[in-house]
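Peer 1: Can you read through this structure? Questions will come right after.
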Amino acid sequence: MANVTIIGAQWGDEGKGKVVDWLASRADVVVRFQGGHNAGHTLVVGNQTYKLSLLPSGLVRGKLGVIGNGVVVDPVALLAEIGRVREQGLNVTPETLRIADNAPLILPLHAALDAAREAARGARRIGTTGRGIGPAYEDKVARRAIRICDLAEPETLDWRLDELLLHHNTLLAGLGAPTFGKAELMDQLLALAPQILPFAEPVWERLAEAKKSGARILFEGAQAVMLDVDHGTYPFVTSSNTVSGQIAAGAGVGPDAAGRVLGIAKAYSTRVGSGPFPTEQDNETGRLLGERGHEFGTVTGRARRCGWFDAALVRQAVKVGGIQGLALTKLDVLDGMTTLQIGVGYRIGGETLPHLPPGAAAQAKAEPVYETIEGWSGSTRGARSYADLPAQAIKYVRRIEELVECPVTLLSTSPERDDTILMQDPFAD
């Protein structure tokens, strides 16, 4: 059976939740392989609306959920999220959710350091969610992280906490922030251990068995390619790799397990927080897109910045992310707009570039090169076949395919799960 990997092709918030939910109903296993509880999905199933940040989306469809070792896990946030969905009738148990025993933990000191650093940056703040994701990844790379498996070994926790506090308390004190005590953290971790450890296992074994048995595996990415720590708009990025290649390291599977890679992109562009956004419309057009698209972050509640579709940016995401097909969402938001613009490149100091350069100063100076395309007066909302779309809307989609050098294989025309036009089944063998 074919596997599918879903990743964002812009700066996140592309509508991955709906597409993941739609595909999860046909998968056997749904796997998170990077990120933490800093990105959210909103899923509507029947009369229930689920807001997930850490749990794999497939759980709401009764599928096995797996959190891989590439995810940084806040145990308090995880248990709170499990509690919320249980109150909604979703029974999350160790039989339905498995977590990599070597996944790093996010502790309260990580969030404290995150907040203290952002405050110290002032006008140069990155715009993190303040949930400790970055500091937790730093500890993983520096070999001082506390991992889920350590919860079973108090003697290991003892010396790991010494190393962790030496580093973090030094930084916190230097930033004028309160420091942490070892005894309190130890008590918290020992209290969490019996609640977290029943979910833990070497998930690479389970995924190897799933692959061997022919199960369909859906790998669920968080954030998006242009927030990738290597390939995104650095330093205004997340702290993990978000491209499809990350599933091998972040889930403990071989690179061939990715299967078909589906990138998700809105029919326009949005971004939360700081960072370059060449096609941003800080005007009435941007406000109109935000109002129509209900552009507020699931996790932060922050209003998203809005602008025209940036084909040069998405083309870059297609190439570095290994994207083989594009799911285009929120096409209906553009209904009734007489003229549309598509970013096709960037102008920097008289030079035109087909891609966004890596340098922060160059990115800040980048001015978009636009191609103008006629809009449409009819409605695309709720369309479930190409025959239901206005001719000009089809032309818009076709032009995007040409510019990003990737076929649009799925179109979403409303938040409703079934308002989807499928041109190519990503699970097809």
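Residue positions begin at 1 at the first shown residue.
The backbone N, Cα and C atoms fix where each Cβ goes, glycine too.
So Swiss-Prot says this about it:
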- 12-18, 40-42, ARG304, 330-332, 412-414: GTP binding site (BINDING)
- ASP13: active site, proton acceptor (ACT_SITE)
- ASP13, GLU14, GLY15, LYS16, ASN38, ALA39, GLY40, HIS41, THR129, ARG143, GLN223, THR238, ARG302: IMP binding site (BINDING)
- ASP13, GLY40: Mg(2+) binding site (BINDING)
- HIS41: active site, proton donor (ACT_SITE)
Peer 1: When you measure from the Cβ of ARG302 (IMP binding site), how many other Cβ atoms are you left with inside 10 Å?
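Peer 2: The answer is 13 other Cβ atoms.
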Peer 1: Per DSSP, LYS18 (GTP binding site) is which: helix, strand or coil?
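Peer 2: Reduced to three states, the DSSP call for LYS18 (GTP binding site) is helix.
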Peer 1: Find, for the listed binding-site residues GLY12, GLY15, GLY40, the residue with the lowest Cβ contact count at a 10 Å cut-off, counting only other Cβ atoms.
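Peer 2: Output over binding-site residues GLY12, GLY15, GLY40: least Cβ neighbours within 10 Å is GLY40.
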Peer 1: If I take the alpha carbons of THR42 (GTP binding site) and GLN223 (IMP binding site), what is the distance between them in whole Å?
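Peer 2: GLN223 (IMP binding site) has its Cα 14 Å from the Cα of THR42 (GTP binding site).
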Peer 1: Spatial neighbours of GLN223 (IMP binding site) among the binding-site residues GLY15, LYS18, LEU331, THR413, defined as Cα within 10 A: which are they?
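Peer 2: Candidates kept after distance check: none.
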Peer 1: Rounded to a whole number, how many Å is the Cα of GLY12 (GTP binding site) away from the Cα of GLY40 (IMP binding site)?
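Peer 2: The Cα atom of GLY12 (GTP binding site) is 10 Å away from the Cα atom of GLY40 (IMP binding site).
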Peer 1: Please list residues from the chain of LYS18 (GTP binding site) whose Cβ is under 8 angstroms from its Cβ, counting only those at least six apart in sequence.
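Peer 2: Set apart from LYS18 (GTP binding site) by at least 6 residues yet with Cβ under 8 Å, we have LEU43, THR329, SER412, PRO415, ARG417.
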Peer 1: What is the separation, in Å, between the Cα atoms of GLY15 (GTP binding site) and the residue listed as 'active site, proton donor'?
Peer 2: 8
